[in-house]
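Participant: My structure is below; once you've seen it, I'll send some questions.
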Amino acid sequence: MAACFTSSLAGTALQAYVASRRPAVSRGSVTVRAAATSGGRNLWAPGVEAPAYLDGTLAGDYGWDPLGFGANETARRWFRQSELVHARWAMLGVAGILVQEILKPDVFWYNAGLPENLPGINFGGPDGKVNLGGLLAWEFLLMHWVEVRRWQDYKNFGSVNEDPIFKGNKVPNPEMGYPGGIFDPFGFSKGNLKEMQTKEIKNGRLAMVAFAGFTLQAQATGKGPLADLFDHLSSPFSNNITTNIGSCKIPSSVDVQGLTLPLTCLWPGQH
């Protein structure tokens, strides 16, 4: 045991010495130096070296950037904000798909957004259904407004902290992407913020992978994730990725209030 510990300690010291003697590599205006794995920091694989610009400051930083996209500081900050937004939408989407399948198992989540599957409240559409064109128009306008505000905060951090309509209402916004205030009703930011940020981004990354899997499963089997899970558990060898890949169970097109929309699967398959 002592010999193993001594060997490990010597190896770590040697690795740090080699990294310190390694010449810097210039990428345009950004200088990058490979950093040795430091004790106590988790990286994406044992024994790998993290780029110097991924120094563990960002929550969920495990030194993974094989193509060097984050070498530029401006790009790195934008990529983090993009990842946060996609992660949060993915967590909402995955939760929504699962809850919908539990409460309404007869409705295939892939078709849940069609007008005939939406609430039968007269929003101006035919037969008392939702007018999908109007819904998409409002969604575009509102999302555009929100995204412009987010871009303004990115360009000038803190410039959009105040409510544009109800003046005097502000969010603390201690860090970009984490406005706090009414967006933190449980007060998580008052504790170990870095720990909560790490948990969020890890769950968000898992949700993004899960949503991609849900989509591929839906296209290949024509079923929701829970139905696919039960099928796999009942017969693992006949219901798995190797038996489902190459098939496409969704229709080639769908009619939405007089408009025919073409559909396709993410992988080539027979409809």
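Just so you know, glycine gets a Cβ as well, placed from its N, Cα and C.
What TrEMBL says about a protein is an automatic prediction, not a curated fact.
The feature chlorophyll a 1 binding site is assigned by TrEMBL to W64, E83, H86, K199, E200, N203, R205, H232. The chlorophyll b binding site annotation in TrEMBL covers R88. Taken from TrEMBL, the feature chlorophyll a 3 binding site covers Q217.
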Participant: Based on Cα distances to the residue listed as 'chlorophyll a 3 binding site', point out the closest of the binding-site residues W64, R88, K199, E200, H232.
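Facilitator: Ranked by Cα distance from the residue listed as 'chlorophyll a 3 binding site', first place goes to H232.
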Participant: Whole-number Å distance between the CA of W64 (chlorophyll a 1 binding site) and the CA of R88 (chlorophyll b binding site)?
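Facilitator: Cα-Cα, rounded: 20 Å.
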Participant: Near E200 (chlorophyll a 1 binding site), which residues of its chain come within a Cβ-Cβ distance under 8 Å, counting only those 6 or more away in sequence?
Facilitator: A59, A87, R88
Participant: I want to check the contact list for R205 (chlorophyll a 1 binding site): same chain, sequence separation of six or more, C-beta distance under 8 angstroms. What comes out?
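Facilitator: In sequence order, the residues whose Cβ lies under 8 Å from that of R205 (chlorophyll a 1 binding site) (at least 6 apart) are G60, E83, A87.
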Participant: Counting Cβ atoms within 10 Å across all protein chains shown, which of the binding-site residues N203, Q217 comes out on top?
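Facilitator: The residue with the densest Cβ neighbourhood is Q217.
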Participant: Going along the chain, which residues six or more apart from H86 (chlorophyll a 1 binding site) have their CB under 8 A from its CB?
Facilitator: G204, M208
Participant: How far apart, in Å, are the two Cα atoms that lie farthest from each other among W64, E83, H86, K199, E200, N203, R205, H232, the residues recorded as binding chlorophyll a 1?
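Facilitator: Among the residues the record ties to chlorophyll a 1, max Cα distance equals 32 Å.
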Participant: Among all protein chains shown, how many Cβ atoms are found within 10 Å of the Cβ of H232 (chlorophyll a 1 binding site), not counting that one?
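Facilitator: The answer is 18 other Cβ atoms.
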Participant: Take the Cβ of E83 (chlorophyll a 1 binding site) and count every other Cβ within 10 Å, whichever protein chain it belongs to.
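Facilitator: Within a 10 Å radius of the Cβ of E83 (chlorophyll a 1 binding site) lie 17 other Cβ atoms.
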